[in-house]
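Chemist: Copied straight from Swiss-Prot:
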BINDING   Glu90, Asp111, Leu113  Mg(2+) 1 binding site
BINDING   Asp111, Asp114, Glu259  Mg(2+) 2 binding site
BINDING   Asp114, Gly115, Ser116, Ser117, Tyr222, Lys253  substrate binding site
Amino acid sequence: MGKEPGSTKFQTDFRRHLREQNISGNLVHLLCEIAEASKYVINAVRTGDLGVAGTSNLYGEEQLALDVLSDRILRKRLMYSGVVCNIASEEMDEIFQVTSNPLGMFSVAYDPLDGSSLVDVNLAVGTIVGIYQGDNLLQPGRNMVGAMYILYGPRVSMVYSVGKGVYEFTMNHLMEFTLTREKVQMNPSGDIYSPGGLRKKYTPENEAYIRYLEDKGSKLRYSGGFVPDINQILMKGKGIFMYPALTDSPNGKLRLLFELNPMAYLIEQAGGAATNGCMPILDMQPEGLDQRAPIYIGCKEDVAKATEFLNGACA
């Protein structure tokens, strides 16, 4: 099991911790650059404009000023990091090429401010990041070399993995990240469920699964924000988040490249599972930036039970 917050013998800063993970210097630098960018994003969240930017993204969604500002912060940090060749953002229409030479470089897919519509009611939001070696972003998430999210809540926490377990860092009063949890692990099953989407639009299989969870006494915990809901399941080590196929949206709502792959990577690294109901999220082949998929993510046994209810829906 992962250690509880404060159980480490001394505070460990993020850069020093990364250097102990036996990863490349370029990857250490990239992760630290993203962590630095998050300090400017949280400042924007706390003090920025809550109005509408007057533009829309690739999906036709109206962009909030905070979305645009957060995207600009992250994109510029990545562009000038010196270790990134391609960038894809949920707020951009196409892949942005920083350099045509991918040697020793990384490609980054990110959602700069997931759940930004929750900021004006003061609920938690977050940044989600997936990192790939080389210049190919349209490959299965299984090939990622790292993933992370930063949660902007009552505390600012950063959760990351480079394939060596899941670690949580928390921003202190000096705006530096210090290690608070090591080797975070999921339990086999749990009693929390976070169901997204309008229930009256659930398919019969998904409705039956929700009733199963209710009958066994699982507690409903859903904030409307993907990052805080996943963080709750991961840090408590129990439960399942689901945003299923809906009758009018067979591919669900969440984006494979920007949201699902990074979270699936982190949950699997913690001993959990993530599926679209038919196959692991990390084994899906992205066909474009705008690809969406249903998701069931959390404890292995809870995810396996969901697939049992969906058996036959994959044909």
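A Cβ is built for glycine as well, from the same backbone N, Cα and C atoms used for every other residue.
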Chemist: What are the other residues, in sequence order, whose C-beta lies within 8 angstroms of the center of the C-beta atoms of Glu90, Asp111, Leu113 at the Mg(2+) 1 site?
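Modeler: Sorted by sequence, the hits are Asp67, Ser70, Asp71, Ser89, Glu91, Tyr110, Pro112, Asp114, Ser116, Thr127, Ile128, Phe258, Glu259.
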Chemist: Sequence order is fine: just name those binding-site residues in Glu90, Tyr222, Lys253 with a Cα within 10 angstroms of Asp114 (Mg(2+) 2 binding site).
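Modeler: Near Asp114 (Mg(2+) 2 binding site), where near means Cα within 10 Å, the binding-site residues are Glu90.
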Chemist: For Gly115 (substrate binding site), just give me the three-state DSSP call.
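Modeler: In the DSSP reduction, Gly115 (substrate binding site) maps to coil.
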Chemist: Would you mind reading off the Cα separation of Ser117 (substrate binding site) from Asp111 (Mg(2+) 1 binding site), to the nearest angstrom?
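Modeler: It is 13 Å, counting Cα to Cα.
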Chemist: Do you know offhand how many angstrom separate Ser116 (substrate binding site) and Glu90 (Mg(2+) 1 binding site) by C-alpha?
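Modeler: Each residue's Cα considered, Ser116 (substrate binding site) and Glu90 (Mg(2+) 1 binding site) end up 12 Å apart.
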Chemist: Largest pairwise Cα distance, Å, within the listed substrate binders Asp114, Gly115, Ser116, Ser117, Tyr222, Lys253?
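Modeler: Per the listed residues, the maximum Cα distance equals 16 Å.
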Chemist: Which binding-site residues are spatial neighbours of Glu259 (Mg(2+) 2 binding site) here, meaning Cα within 10 Å, out of Glu90, Asp111, Leu113?
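Modeler: For Glu259 (Mg(2+) 2 binding site), the binding-site residues whose Cα atoms are within 10 Å come to Glu90, Asp111.
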